[in-house]
Amino acid sequence: MVENKSKVKDISLAPFGKMQMEISENEMPGLMRIREEYGKDQPLKNAKITGCLHMTVECALLIETLQKLGAQIRWCSCNIYSTADYAAAAVSTLENVTVFAWKNETLEEYWWCVESALTWGDGDDNGPDMIVDDGGDATLLVHKGVEYEKLYEEKNILPDPEKAKNEEERCFLTLLKNSILKNPKKWTNIAKKIIGVSEETTTGVLRLKKMDKQNELLFTAINVNDAVTKQKYDNVYGCRHSLPDGLMRATDFLISGKIVVICGYGDVGKGCASSMKGLGARVYITEIDPICAIQAVMEGFNVVTLDEIVDKGDFFITCTGNVDVIKLEHLLKMKNNAVVGNIGHFDDEIQVNELFNYKGIHIENVKPQVDRITLPNGNKIIVLARGRLLNLGCATGHPAFVMSFSFCNQTFAQLDLWQNKDTNKYENKVYLLPKHLDEKVALYHLKKLNASLTELDDNQCQFLGVNKSGPFKSNEYRY
C-alpha cells in the first residue's frame with residue numbers, strides 16, 4: 001500500500017518552521033532568483049521528484065522552489081539525525097509535497113522513509129521521474145532492488161538479512177526481501193521510469209562513478225557536488241561555519257589552544273581546518289594524497305599519521321569519504337576527554353559500531369547525539385552523533401547563504417534532466433553541470449554581497465577568446 005500522507009514528528013511545529021523559512025529566504029538569493037525567472041513558465045510541470053536530502057529549513061526552501069516550478073514532490077532525509085522537525089512540518093503543508101522525515105529515526109524507519117519517498121501513485125511500483133540525492137541512498141535502493149529482483153527471478157535467491165555486516169545493512173536487506181516477496185518487479189518497474197538523479201555530495205558521487213565505471217548505472221546522473229559553486233562554497237565555507245557550531249553545541253569545550261586532528265584535507269577538510277585555526281586551535285592533518293598534504297603544510301598545518309597524534313589530540317574530526325579512518329585501535333588509545341566526530345557523509349569513517357560493541361566499555365548518553373564512552377583503561381572519550389554528521393546531528397548544518405549555491409545547482413540539474421527527457425543528450429553516465437550554469441549561480445549571489453563585476457571590452461574578449469557573458473574559464477581550469 002502506497003503511503004500518500006506525510007509522516008513528520010509534529011505538524012503543530014509548522015508555523016515556526018514557516019517563520020524560519022521566511023527568515024532564510026533573504027539568505028538564499030539564488031533560489032529566490034530562480035523562482036522569479038522560471039516560476040511563471042512552470043518548467044517542471046508534471047515532473048515527479050523524489051528527494052533524499054537533509055530535511056532542514058534550507059532544504060524546505062529547495063522543495064518549495066521545485067514545487068513553485070511545477071513539480072510534485074516526495075521527500076525524505078538522508079540521515080537519521082539531520083531533520084529539523086519544524087522544517088519537515090512546514091514543508092509538508094505545501095500542495096503536492098509529501099514528506100517522510102523526523103529527527104532520531106531508527107534505521108528501520110529511515111529505510112521505510114526512503115522507500116516511501118520513492119513509491120508513488122496507486123500501485124507500489126510507480127516511482128518518480130527524477131531523484132535529488134545526497135549520499136546516494138535513494139539511488140542505491142533502486143539499483144540494489146533491481147539487482148536482487150533479477151537474482152530472485154533467475155535463481156530464486158532472496159536478500160539474506162542474516163548475512164548483513166551491520167545493523168543498517170540488515171535493515172536494508174530486510175526491506176528488499178519483504179519488497180520482493182510482495183512485488184518481485186517493483187524496483188525494476190520504478191527504475192524504468194527514472195530519467196536521472198542529481199547527486200549532492202562527494203560520497204554519493206563516488207558511488208555513482210563506481211557504477212558508471214562498471215556500466216551499472218540504470219539512468220543518467222548529474223554530479224552536482226563537483227560544480228565549482230557547490231564544492232568550493234558549500235564544502236569549504238559551509239563546513240567552516242557548521243563544524244565549530246556542532247562542536248560547541250555538543251561539548252561547550254574551549255577550542256582555542258587545543259589539539260585538533262582533521263582527517264582529510266579535501267575541500268571539506270580545508271574548511272574544517274580553517275575554522276579550527278581561526279579559533280586558535282593547534283591543527284594537525286592526516287592525509288593519503290601528497291598534493292593535499294603539501295597544500296596543508298603550505299597553509300601552516302602539521303601533517304602527521306594518526307598513529308603519531310592519536311594519544312595527544314583533544315578533537316578528532318573525519319572528513320575523508322573513506323571507511324575505517326579512525327579504527328577501534330585508535331579509539332582505545334585516545335586520551336581522557338578526547339572528542340571524536342565525523343563530518344563526512346556516512347558513519348563508517350569511524351569504527352563506532354566496533355567501539356560500542358567492544359567488551360569492557362561503558363556507554364553513557366550525555367544528551368542527544370553525545371555519548372561518553374569509558375574505555376577499559378579508565379579514560380573517557382566523547383563520541384558525537386554516533387559517527388554520523390556531527391554538524392547536522394549536533395547543530396543545524398550549513399548556513400542558508402551557502403546552501404543557496406548548492407540548491408541552485410540542484411534545481412538547474414533537475415531542470416536540465418526534465419527538459420532533455422525526450423532527447424538523446426544524456427546516456428546512463430555521470431555528467432557535470434555546464435560551466436555557464438556554475439557562473440550563473442555565482443552571479444545570482446554577488447548582488448546580495450554588494451559586489452560589482454568588471455566587464456571586458458571587445459578587445460579584451462577577443463584577446464582571451466571568451467564572450468562578454470562568459471563562460472570565462474575552460475572546464476580544465478582549477479579554481
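Positions of Cβ are set from backbone N, Cα and C atoms, glycine also.
Remember, predicted model here, so these are calculated numbers, not experimental data.
Record note: Swiss-Prot gives Thr56, Glu200, Lys230, Asp234 as substrate-binding, and the candidate from Asp125, Asp134, Asp137 in that site is Asp134.
Within 10 Å of its Cβ, the residue among the binding-site residues Gly264, Gly266 with the fewest other Cβ atoms is Gly266. Ranking the binding-site residues Thr201, Thr203 by other CB atoms within 10 A of the CB puts Thr203 at the bottom. Take Thr56, Asp134, Glu200, Lys230, Asp234, the residues named in the record as contacts for substrate: the widest Cα to Cα gap among them comes to 17 Å. Least crowded of the binding-site residues (Asp134, Glu200, Asp234, Glu287), judged by neighbouring Cβ atoms within 10 Å of its own Cβ: Glu287. When the neighbouring Cβ atoms lying within 10 Å are counted for each of the binding-site residues (Lys230, His345), the highest count belongs to Lys230.
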